[in-house]
Structure formats: structure tokens, C-alpha cells
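Everything on this sheet refers to the single structure shown next.
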Amino acid sequence: MVLVNSNYLKLKAGYLFPEISRRVQAFSTAHPGDAQLIRLGIGDVTEPLPAACCEAMTRAVEEMGTREGFHGYGPEQGYDWLREAIAANDYRSRGCDVSAEEIFISDGSKCDSSNILDILGEGNRIAITDPVYPVYVDTNVMAGHTGEVDASGRYGGLTYLPLDAENGFEAPLPGEKLDLIYLCFPNNPTGAVASRDQLKRWVDYALANDALICFDAAYEAFIQDAALPRSIYDIEGARQCAIELRSFSKNAGFTGIRCAFAVVPRGLKGRASDGSAVELRTLWKRRQSTKFNGVSYVVQRGAEAVYSEPGKAQIRALISFYMDNAAIIRRALTAQGLTVFGGEHAPYVWLRTPAGLDSWGFFDLLLHQAHVVGTPGSGFGAAGEGYFRLSAFNSRANVENAMARIARCDFAGSAAA
Ligand SMILES: *Cc1c(COP(=O)(O)O)cnc(C)c1O
């Protein structure tokens, strides 16, 4: 029989979302006539694609149906016109030194954050925040970079940096020397955003310790304050210690279209086993050329339209729509005496569960009393216990309706239930 990758057997059985479905299913079966459930648990966008992107993709499909406009395999790293548009609009216009050759178009940041492990070696000391986007953890488990999982869901061999209200959801700098650090700002799930000082401390740490930062900026477009950094490359020295992942999933609603990019700067190096320095960009280019055949021409034309004048305006409108949802959620929950975090520069509101309820206790309360589905904070890591995530990705009607239902909940009365 063929051998399997036994690292997969270390994975904690996909617990969070199956458990949510199980509880929702059980509730629906027990209360068949009840009001429709409103799902504020998902991390997926709900609004239609920006018109500029649709039009660009429609034109691209038509071109592909002609002899002159047909495109076969494209460059594995992406078409130059898209890489150039990204470099100009997302970086150069903001004074960040990133060039088109350092941008690698992909079919998603989820894949990029996983694939990057292909070019990194064994034995790196790896840090992730807790709570965290689970992909960073699970992909390291699959790659054999961890030990076994413990009862709290933490894997041996990983360094967990706890995020909580007490530290303002700002991960403490590690006391020890680490080699790879995953950071995500604006953050999923806590909705926290990083200040320039905070990112500078991380860049300084990485430079001092020869560490690599994997900076996930999937929610960059949701930053509302122009003074906040939008890229790790806003920080001096980041080109020597960080790669950045960006995606069109959350700004342009491309979750079902699939387009993202990784920035791997020239001159950013890792170490070979003989101690010599190796450029990561060269390895990444080699990895992508060998294992990836590029994102479709049609989709890349859709992504390019994000940077057109109409595209920019439509994206601003889309982001403000979701951020207005987030403000409605924040206001409603605050009015009810709940302590809320995030939701100001991110589409997620992170709240402290009230009345001594744990994350799943609050999940059950919202499900039963309000018929609203959210995400228990403990599902994102042990330190997420006692917190809960609500997503602003929904229609206005659903958000308003959900908040009206939550306003009628009795938190204190069910504390012991
Ligand atoms: C949604 C999301 C992404 C984007 O992933 P894609 O694969 O590009 O859709 C990346 N990181 C985080 C933390 C996310 O929540």
C-alpha cells in the first residue's frame, strides 16, 4: 500500500465549521417553523462584483473567442500589465519601493501562504498569533513542522503569541529568536489593525533576529485611517525581512473568481544548509514556474480593472458598504453593554462574550434566542476563548435584522444555562 503523509493525521479534525453546522442543523430540526437564520459567521463576501471587473472579464472572454485575441498559457508569474498596475497603484503611489518583477500573481492568498512553505526548510522556529487564521497553522502541520496537538488545540513546536483585550490584541514580541513569523493586519479574526510603531517593532525584531515575516494584508482595503500603514513595506527595512500577501478576494469580491498576489522583494534572503545566503525571490519564481501555470487571462483582466478609475470608485463604495455594516454591528452590540473590538478598519467585529458565557455558550445563546449564527472565538485558537466573531459581510437588511434580534436577547438570564 502507498504511504500517506502522516503529518495529515496530526491535524485536529476540522472542528470549528463542522461543529457550527452540526449545531445549526440540530437547531433547525428541532425548530422547523422558526424564523430564518441569519449567518454572520462566514468570512465570505456577499455583494456582487464591481461592474468594472465584470465588464473587463466579459471583454476578455470575447477576445479569447477570436483568433487575434486568443491567449493560451500566460506567464506563470502573471501578466506584466497586471504586475505593473499593482506596483504603480498599491505601492509606488504610496511611496513604497516595490517593482513589478517582485509581484507574483496567484489564485489566492490561502494558496500563497501555504505554498511559501515549499521554499522554506525544516527546523525553522515558527510563530503564529493566537487566535489566528487557521491556514497558517494547518499548512505547517501538513508540512511536518510541528509536533502533536494538545487538548487546547495547540501544536507542539509552534510558538503561540496570545492576543487578548489585555494586550490590545497586539502580539508581544517574542523573548526568543524565531525564524518565521506570520502576521495579519487588519486581522482576521480580531479585526485589529497595526499601527506604524507596532509594525516597526516587528520589522526591527525580524532584522535583528534574521527572521522572515509573512505579512498577510488581505484586508488592507478596509483601513479607514490614512495614517495607518497599509503594507509592511510602509516600514523601513521591511524589504530585507518580509514577504507580503494580498488578495482581490475581500476588496473586489473575488472569493469565487480567485486572484491574489505575493510580493517577494529582491535582496530578501534565506539561508541554505551550508550557511550561504539564497534569494527567496529566485526560489519562489522557480517554485511557481514549476508547480503553477498562472491565473487565467480573463481573471487577470478582471483584477486589472480594480485599478481603473471606475474600478477604484466601485471598490471604495463596496468597502464603505461593508464598513457601514460593521459600524451598525458595533453600535448595536455596544448599546447592549457588550465589549466590542475591531470593526473599524476590518470587516470583523470581535466581542467579549458576556455574563460568564464561553465562546460556544454565546454561540448557542445567539442561535437559540436570536437565530443568528456567529463564530466562536475559541475556534481560532485557545486564546480566543471568551470571544466571538461577527462578520460585516452581509446584506444591510440581514445585518439590521440580526442586530434587532440580538437586541431582544437576554444575556444575563441565561448565563448558567
Ligand atoms: C480571506 C482571507 C484571505 C484571502 O484568501 P484567498 O485565498 O485569496 O481568497 C487571506 N488571509 C486571510 C486571513 C483571510 O481571511
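In case you wondered, yes, glycine gets a Cβ from its N, Cα and C as well.
A coil conformation is recorded for Tyr133 (substrate binding site) in the three-state DSSP classification, outside any helix or strand. For Tyr133 (substrate binding site), the count of additional Cβ atoms within 10 Å of its Cβ stands at 22 [all protein chains shown]. Annotation source TrEMBL lists substrate binding site at Tyr15, Gly43, Lys110, Tyr133, Asn188, Asn293, Arg389.
Less than 8 angstroms from the CB of Tyr73 (pyridoxal 5'-phosphate binding site) sit Asn293, Gly294, each of them six or more residues away in the same chain. Annotated pyridoxal 5'-phosphate binding site per TrEMBL: Tyr73, Ser109, Lys110, Tyr133, Asn188, Tyr219, Ser247, Phe248, Ser249, Arg258, Asn293, in sequence order.
Residues or ranges marked as domain 'Aminotransferase class I/classII large' in TrEMBL: 36-406.
The annotation N6-(pyridoxal phosphate)lysine is assigned in TrEMBL to Lys250. Neighbour density for Lys250 (N6-(pyridoxal phosphate)lysine): within 10 A of its CB lie 26 other CB atoms from the protein chains shown. According to DSSP, Lys250 (N6-(pyridoxal phosphate)lysine) sits in a coil region rather than a helix or strand.
Ligand 1 lies under 6 Å from the Cβ of none of the binding-site residues Tyr15, Tyr73, Asn293, Arg389. Less than 8 angstroms from the CB of Arg389 (substrate binding site) sit Gly41, Pro189, Gly191, Tyr348, Val349, Trp350, Leu351, Gly374, Thr375, Pro376, Gly377, Phe380, each of them six or more residues away in the same chain. The number of other Cβ atoms within 10 Å of the Cβ belonging to Ser247 (pyridoxal 5'-phosphate binding site), over all protein chains shown, comes to 27. When the Cα atoms are compared, Gly43 (substrate binding site) and Lys250 (N6-(pyridoxal phosphate)lysine) turn out to be 9 Å apart. Other C-beta atoms found within 10 angstroms of the C-beta of Tyr15 (substrate binding site) number 13, with every protein chain shown included. Along the domain 'Aminotransferase class I/classII large' (36-406), the predicted structure has mean pLDDT 97.
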